[in-house]
C-alpha cells in the first residue's frame, strides 16, 4: 500500500503529502501540527492565543456580516464560492443565536433559535480545514482541529472525544467563556461510519460508538474538562464548558458517496430488478451529484441519523482543477509562492516561477490526488537543494535571481541562476 511506503506522522498518522512539514526522529516522525499541539500543551498556553479583551456585548456587536465574512474568505481561499456563501450565512446566524440566548431570547420574543452545525463534503486538499480556520481567524474566536479517526468512545484505548474540548480550551488559556464562542473542526468524519445502514450485530461498533460520543458534544452538553497544563487551575479542578454554544464544523472526503447519490437519483422504477443505473456516458460529474445529497444518502453511507440531524447545513466542495491550483499557488494572501519569494528576498535574491512551472506543479498535485494540501510539499522539495546552497552561492557567485522552469518540476533540472 502507498500509505505504508510514504512516511507518516507517528502521532496523528497523516502522510508527508498531507502536512506542511514532517520531522524525522530516531524511531519515527512527527508533523508540524502535532509539534504545535505539543508546544501548547507543554507550555500550558501561558498567554491567550486570541484577543480576550472583548466582553460578550462588544464581541457580538463586532460580528461581521455574511458579505464581510465572504470577502475575508476570498482573501485566503480560492474558489468554492457556494461553500463560502453557505458558511458565511451559517456562521453569522450562529453568533446571532448566541446573542439572542445572552439576552434571554428577548430579541425574538422568547423564540429559541436552533444551532446549525456544518458538514463540509469534499476531496482531500479542497480547502475544508482552511475555510474553517480562516473563519475562526476573522471572528477572533478559539479554533481547534480534531481527526475523527483518532477518537474513541469511552472504554476504548485512544483519544477521548472530550479531548477536542480540551484542545479548544488550550487556545484561550482555559477560559470557558471564550471557548464557548469557539469553533471546532472535526476532520475525517467519513472514516468513522458504520459498515451497514441497518443497525445489526455486523456493524462497526467502535465507529458508531465514536459517532454517538460526538453526537452528545455536538447537540450540546456540559463537558467537565480536566485542564492539564493550566496554570489558572493548578489544583486540577475541572472546567465546565457548555458545548451547545460551540460551532462544530465536520468535514470528510466521503469517497463513494457519489455512487450512493447516483443510485438514488438515477434509478428508474421497474418490475423486480428492472431498475438500473444510467450508463457511464450519462453519469453526472461529482460536483453535480454532491449538490443533490440528501440525509438519507449519508445514512446509507454510514452516518447515524441522529448525527446527521445535528449537522443540518451540508455543503459540497468542488475538486480543485489545474487553474484553481495555479491560483492557490500565487493569488491568496500568504500564497505559497509568495512565501518562498519572501524567504529568498531575505537573502537578497529574486525568486521567479515560469507559467509552465506553475502548471507542472499543479499537474503533479492532481496526479498525486493531494489537492491544495500537497502543493507546499511539492514546492519545498523542488527548492530544497537551492535553499541549501543559496547562502553559499550568493556570496561566492553573486547570485541575485533564480528562475524555476518546467524542467525543474518534471525532470529534476536545477533552477537557472543569474
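Even glycines carry a Cβ here, placed using N, Cα and C.
The secondary structure of residue 34 (Zn(2+) binding site), as reduced to three states from DSSP, is helical. Per Swiss-Prot, the feature Zn(2+) binding site maps to 9, 12, 31, 34.
Annotation for residue 129 (ATP binding site): spatial neighbours 145, 185, 187, 251, criterion Cβ-Cβ under 8 Å with sequence separation of six or more. What Swiss-Prot records for 123, 124, 125, 126, 127, 128, 129, 130 is ATP binding site, and it gives sequence analysis as the kind of evidence.
What Swiss-Prot lists as domain 'ClpX-type ZB' is 1-50.
Along the domain 'ClpX-type ZB' (1-50), the predicted structure has mean pLDDT 67.
With the fewest other C-beta atoms within 10 Å around its C-beta, 12 stands out among the binding-site residues 9, 12.
The candidate set comprises the binding-site residues 31, 34. Of these, 31 has the most other Cβ atoms within 10 Å. Apart from 123, 124, 125, 126, 127, 128, 129, 130, the ATP site neighbourhood in this chain, defined by C-beta within 8 angstroms of the site C-beta centre, holds 122, 251, 317, 371, 372, 373.
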